[in-house]
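Student: Would you mind keeping the following structure in view while I ask a few things?
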C-alpha cells in the first residue's frame, strides 16, 4: 500500500490469541483456566502495545502473504481500529479476570467451563481481526468467527433456555452474515475488488450498488440487533453466564457496528440514500424507546440489562442518518460529521465499559441470592456495598449523567443531531435518557429499600466485586482521556475521502 | 442471456427463498437448511460472476471465497444442528414456541 | 442448447430448494437437500468452478447431509409417536389451512416477492465484466502452484484460509460446548453388521487414496485440502459407524495434536516468517510450492479429524443420557 | 482566563475526598468519620475565605480541563459564585455539626455522611463553575448525590419520595441537557459572563434561542421549585431534618435559583432577556408560585410540609427579583439567596429538634413547646418573623429591596404580590409561634417537662441558635461592610446592570 | 450414424428405461421393502447401462476404467445401504405382507 509503514503487530494481534486458544486445548481444565487467563492478559498487553504504536507512528499496515490488494488482504491499524482494539483489551482484560474467578465458583466440578477459554481467545482474535481488516470478505470470515464463538459461549451453561436462545441467535447471525455476503458478492460483481479503499474509489452509483449496500447494512443490522431484528438479543444475553453476557453486550455487537461505520463513512458516500439513513435512524429511535421501555418492564435483572443493550444500540444506529445530507444539499464544513462519528465511537466505548460492569454486577447479585428476580436487589446497599456502588456508577453512565463517559457520548450525539439540523432525533435522546433513568433508579431504589423477608446473601468472592467496581469506575475515568481520544480519531483523517464525498452530497452530487 | 446471468438470477431467487425460509419455516432443521439455501444463493452469485469473463480459467478469487464460505457455512450449520438436537433432547421442542 | 440445459438446471435447483422447505416430512426435506446439493454441484461444473463443485458435493451436500440424516434419528424416527403430531403442527403449509393465506402471511409473502424483484433487478444490472482473473493470472507463476484456486486459497488469500481453519475448529468446539462432552467420547459401539464391515474395509483404502490424489493434484488441477479432508473424514465416519471408533484408540494428546496441527503449523510458519522480517504467510517464492503442500497435507488431516469429531459428537449427543 | 489555579479544585476536593473516604469506612469508625467530616467542612470554609480575600484583592482563579472538543470543564471564580460558595460552605459546616448530633446512633451513617459531602461538593461546584457545561455537570451531580439522602430512611414513604424526587430532577436535568447542548450547538462554548455571544446571535437565531432559553429555564425551574415543577419538594420532606435543611437552604433549590440568576445575567444577559420578553414570562410564573406556595402552606398541618411549601414560595422571590429588571430587585434577589437560606435552615433545624426530642411532627401538637425548648423556638420565631418580613430580621431587607425595585420599575402588581405573600406568610407562621409560646402545653409535654432536661442536646441546639442569630444580625447589620447585603450590592454594582 | 453411436444410444435408452422403471416402483410400490427393491435393482442396472453407453461414447480405456469403477462403487454403496435400511426397518417393525405369505 501507498507508503504507510508496515508493522507485524496486526498479524500478531490476530495470530497470538489463536495460538493461545489452541494451546489451551492441551491442558487439564483447571490449568486451562490459568493458561487462558494468562493468555488473555498477554493479549491485552499486546493490544496496548499496538495502541501505543499507532499513537506514535500513525496508521500501520500489514499484508499477510505479502500480496497487495486487491488480490491480497490488507490489515490496516488506524486510529479507529486502535481505539476499538484498545477498548476490547480493556474490557476484555477485566472480564477475563472476572471470568476466571466466576467460572471456578460456578462450576467447580468440571473445572469451571474449560471451553470458555479457547472460545474467548478465538473471539478476541476474531474481534481484533475484524477491527483490522480492510477486506470485505475477510470481514465476513471474522464476523463468522465472532458469531460462532459468541453463540458457543452463550450456550456454555448447557441449560435449555440458553440453548434455545443460542439457536435463535445463531440463526439470526447466519442470516445476517449471508445477507452481508450477498451484498459483498454484488459489490465484487460490480467492481471486481474487495478492498475497502479500492472499492471506495471505483464504486459507481446504480441500482446494484444501492441494493448491495442496503443488503450489507441489513445483514449487519441483524448482527447488531438493530430494531426489528433485536429479537434474538435479550434471550441470548440474559441466558448466558455473567462474563459471557458482558462480552456479548460490550464487545460482540460492536463488531457489526464497527463494520457499518467503516462502510458508511468510507464506501457508502456513493449509493446510499437519505431515506435509507432516515429509516435506520428511525429503527434506532424505536429501539431506544422500545428497548428502554421493555427494560423498565422486566422483572428479571439480566433481561433488564439485556433490553437496555437493545436501547443503547439504538443510540448507535441514530448516528447513521446524520452522516448523510438531504438530497441536493452540500456543505462546506464537516464539523457535524466529525462530532457525530467520533461521538458514536466514544459512545461505543463508554457503553462497553458500563454495560460490562452492569452485567458483571448482575452476575454477582445472582450468585449471591441465587435467582435473578429484580426483587433480589432489595437491601443490596446494606449487604454488598461494592456491588451496589458498581451498579450505581454503571447505571449513571448508562443514563448519560455527568461526569460519566456516557455523558460525553450523549453530549456529542446530541450535538451532532443539532448541528446536522436533524433536530427531530433530539427528543428521542431525551426520552431515552429519561427511560434509562427510570429503570436504573428502579434498581437503585430497590437497592436502598430494606429487605422484606430475610433472604440471605451468600458470600461472593471479593475479586468479582472489585472487578465489577473497577469497570464501573473506569466508565467515569474515561472522561479524562476523552479529549485525547476524540482528537486522536479526528486527527487521523481516516475518513477523509468519505467525508469529502458526503460534503459534496454523495450520491446526488454525482448526478 | 449469458450463462452467468441464468445462474446469477437463480442466485437471487435462492437467496430470497432461503431468507424467507429462515423466517417462515418452523422446524429447526428447516430453518437451518434455509440458511444453507440462502448461502448457496450467495455462493452461486459469486461463482456466476466469476464465470463471466473467464480467460484460460474462470476468476479464481470468487471460487476460493466460495470454498471458504461453504466451509464456514457448514461449520455454522453443524453447530446449529447440535443446538437443535440438544434442545430437542432436553425439552422435546422441534421449533421455537411463541414466546415473548 | 447450453442455455436450455442451464435454464433447466436452474429451474431444478430452485424447485428443489422450494420443495426442500415446503416438504411435509422432515425425511423428505433432508433427501431433497441432498438432491439440491448435487444439482448445485452440477451448476458449479457448468460455471467452470470444479473446485467448488467438489467442495459442495463433499462438504455441503455430503458431510452436512450426513449430519442431517443422523439428526433424523432424533426428530422423526426415534420419537415416531411424537413426530406425528409435530409433523401436523409444523407442516401445515401443505395441508389444512395454508399459513400464507393469513394476513401476516400475505404481507410477508408480498414483501418477499417485492424483495425478490428488487434483488433480481440488482443482480441483473451487475456489469458484464470485472474481477481479478487477470490479476491472478499475472501473479500465478509466483504462487508456487498451478491451480489458480489453490493459489488464491493458500497463497494470495492464505490469511482467510487460515482463519477458516479456525472456523472449522471452532465448529467442533461449539458442538462440544453444546453437548458438554469430552473431546473424544470413549463410547464404543458393539461390532456392527458383517456386510457393513466388509464394505467399509473395502472403501477405506480407496477413499484414502482418492483423498491423497485430490490433495496432491490440487496444486495443479481441481482439488485440495478441503476436498481431501472430507474424503478422509468419510473414512473416519464410516469406521465409527462400523463400530471401529478409531479416534478413541489413539492417545488424547495425539488426537488433540491432530486437531490443531493444520492451523497450528500454518500459524507457526507465519510467525517464523514474521520473525524473519517477512509478512505473515509470505512464503519465500522458491519454497512456496513445498510449503503449500505441507500445509495442505496437515490441514487436510486436521480437518478430517475435526469433521469426524463433529460427526461423532453429534452422533453421540443423544446417546449420553440413554446409556 | 489563562492563569490556572488549583485552588478552586481544592475547594471541591475538600469535600469530595472526605466523602469518598467516608464511603470506604466501616460503620463503627465514628471518630474517623467525624474527623473527616469536620476537617472537610472547616477546610472548605477556610479555603473559600482565602479565595474570597484573594478575589477582593484582584486575584483571578481559573481551572480549565478539556473533556472533549468544546466540552470544557472550567472552574472560575467571580463575585456571584463566591457569594454562593461562601453560603453553602458556611451552612454546610453548621449542618454537618447538626447532622452529627441528629443521626447519632442511626443507621447507615457512613452512607449518609458520604453523600452529604458529595452533595456539598456539587453545590460548591455549581457555585464555582465557569461555564454552562460545568454548571450542568455539577447540577446533575447534585441530583445524584442527594438521592441517597432523600431515601435515607429506607421506608416505603421515603423510597416513594425518592422516586418522585428523581422523576422531577432527572426530567429537569434531561431538559436542561437538551437546552445546554442546543446552546453549544448554536453559540459554541459559553463562559459565564460572555453575554455578548448571545447578544450577537439573537437576531440571527431568535426562535432557536428563545426555545433554548425556556428549555434551560424549565430545567432549572425544577430544582428552583417553580410552579408547576415544584411537586418534588413537599414530598421529599420525609428525609431527615439535616437533609431537608440541605435541600431547602443550602443546595438543591438554591442551585436552581442560582442557575436562573446565571442564565439571565451571565448567559443571555439582562438586555437580551428583557428585550425578548423572557423576563415577563418568568415574572408571571414566579409571582404565581409565590402566592400558590403560600396558600398551600396554609393548609398543611405537618410541620415540615408547611415549611416546604413556604420554601416553594420563598425561592420564587429570587426568581421574581431576577425577572424584574433593575438594580434594586437584583440586589434583593441575590441577597435573598443568603437570607432565605439562613432563615429556612433555622426553621428546619428547629423542626428537626422538636421532632427528635418529642416525635411531634404535626403543628397541632406544638402547644406550649416554647416553654420546653425556649432557645430552639426562639430561633424559630426570629426566622418566622424574618420570613414574614418584620424588621430588622434578614427577610425584611430582601423584601424591602425587592419591593422598592418593583416600584422603581413600575411593576406595581409585583408589590401587591409581595404584600399578599407577606400576609399569607404571617397567616401560616404566626399560628405556630402562637401555639409554641402562648398555648397551654399538652399533658404529655408537661409530663416530660417535669422529668426531662430542658432543650435538647448541644449538637442540635448550637446550630439552630447560631443560624437564628445570623438571621437576625444579617438583617440588623445589613448596612455594615461584609454583610450579605453589602456584598450583594457590590456584585450588582460591579458586574451587572449599572 | 456409426455403429458405436447406435450402440451408445441403445444403451442409454435402456439405462433410462430402467431408471424410469425404478422411479415408478418407488412411487407406486406399497411399502419400504418393495420400494427399496425397485430402487436398488432397477437403478443399478440403469446406471450400468448408462455407464456402458458413456464408456462406448468416450472410447478411451482410462475413461472406461474410471466409469466402470464409478459404477462399481455405486453398486457397492447402494446395495449396502439398501441392505442396512432394510435390516433397520425389519428390526423396528417387521413387514406385514411377508408374514401373511408365510
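Any Cβ shown, glycine's included, is placed from N, Cα and C.
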Student: Pick from C:99-120, C:121-142: which stretch is listed in TrEMBL under transmembrane segment?
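Tutor: It is C:99-120 that TrEMBL describes as transmembrane segment.
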Student: Any chance the transmembrane segment (C:53-72) and the transmembrane segment (C:224-241) are in contact, meaning at least three CB pairs closer than 8 A with a sequence separation of 6+?
Tutor: yes
Student: Where DSSP helix means H, G or I and strand means E or B, what are the helix, strand and coil counts for the domain 'MrpA C-terminal/MbhD' (C:11-74)?
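Tutor: Tallying H, G and I as helix, E and B as strand, the rest coil: 58 helix, 0 strand, 6 coil.
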Student: State the non-local partners of the transmembrane segment (C:287-314) in its own chain: residues 6+ outside its ends, Cβ under 8 Å from one of its Cβ atoms.
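Tutor: Same-chain contacts beyond the ends: 63, 66-67, 70-71, 142-145, 150, 154-155, 165, 168-169, 171-172, 175-176, 179, 181, 183-185, 211, 215-216, 218-219, 224-226, 228-233, 235-237, 240, 245, 247, 255, 258-263, 265-266, 269.
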Student: Sort the residues of the domain 'Na+/H+ antiporter MnhB subunit-related protein' (C:196-307) into helix, strand and coil with DSSP and give the three counts.
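Tutor: Within the domain 'Na+/H+ antiporter MnhB subunit-related protein' (C:196-307) the tally stands at 90 helix, 0 strand, 22 coil.
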Student: What same-chain residues lie close to the transmembrane segment (C:224-241): Cβ under 8 Å, and 6 or more beyond its ends?
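Tutor: Residues 51, 54-55, 58-59, 62-63, 66, 147, 149-150, 153-154, 189, 192, 196, 200, 203-204, 207-208, 210-212, 214-215, 218, 247, 262, 295-297, 299-308, 311-312, 315.
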